[in-house]
Amino acid sequence: MTQKDATQTFPDKLLSGYQRFMQGRYADERDRYRDLAEAGQKPHTLIVACCDSRAAPETVFNSGPGELFVVRNVANLVPPYAPDGEYHSTSAALEFAVQSLRIRDIVVMGHGRCGGISAALDPGLKPLSPGDFIGRWMGLLKPVAAELQNSSLLTTAERQTALERISIRHSIENLRSFPCISILEEQKKLRIHGAWFDISTGELWVMDWKTGDFIRPDH
Ligand SMILES: [Zn+2]
């Protein structure tokens with residue numbers, strides 16, 4: 001495909017959406033965008049969310065520009081601290097948010113019907129490509145997923161929801177393996193939260209920081 005063809009095939013849906021954005025939200029928040037461009041961003045919260053198109057944090061939390069620093073990956077996982085010279089995109093985003101932006105709240109946000117979690121619970125799943133990037137990535141949850149698979153008392157749906165929530169606690173543990181995060185949390189300069197969004201009902205469940213249980217927040 002030539003470069004010209006690529007330009008011509010830029011999706012119409014995106015261009016018409018962009019037009020509506022410029023006439024609506026951008027027009028309404030022009031000053032805010034200008035201020036953010038001049039002063040730089042100062043988001044209040046870092047959110048680790050899934051790539052899933054149905055669970056965008058900016059939509060769920062009704063956030064404007066400059067409010068949320070969002071890192072999205074398959075199944076909203078935080079890998080453990082591993083300064084091994086490899087390419088760690090999520091760790092890079094965490095490092096920037098905490099050390100440069102001085103974010104003071106981190107939310108690991110999972111969601112219902114997560115395809116990544118469902119893949120982690122299916123030991124017979126074939127790789128989607130020879131690289132098996134999803135298989136390797138979801139391997140972060142292997143020990144936890146294996147325990148749930150072995151329980152015959154749970155239905156498939158119960159296993160799925162359980163792993164979606166357990167993986168949030170697991171990611172929070174991994175967050176604390178980053179020295180810059182654990183030190184700030186100990187000094188009470190950083191707070192870590194868990195949340196789970198049910199895409200079918202719109203319910204938001206938040207993690208009780210004492211028990212780890214997921215509860216509906218009071219409004
Ligand atoms: Zn997901």
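For all residues, glycine too, the Cβ spot is worked out from N, Cα and C.
Just so you know, TrEMBL annotations are computer predictions that nobody has curated.
Within 10 Å of the C-beta of C50 (Zn(2+) binding site) we count 24 further C-beta atoms, all protein chains included. TrEMBL lists C50, D52, H111, C114 with the feature Zn(2+) binding site.
All protein chains included, C114 (Zn(2+) binding site) registers 25 other Cβ atoms within 10 Å of its own Cβ.
Excluding C50, D52, H111, C114, which define the Zn(2+) site, the same chain contributes A49, C51, R54, A55, A75, N76, G110, G112, R113, G115, G116, I117, E164, F197, I199 within 8 Å (Cβ to the Cβ centroid), listed in sequence order. H111 (Zn(2+) binding site) is surrounded by 22 other CB atoms, counting those within 10 A of its CB over all protein chains shown.
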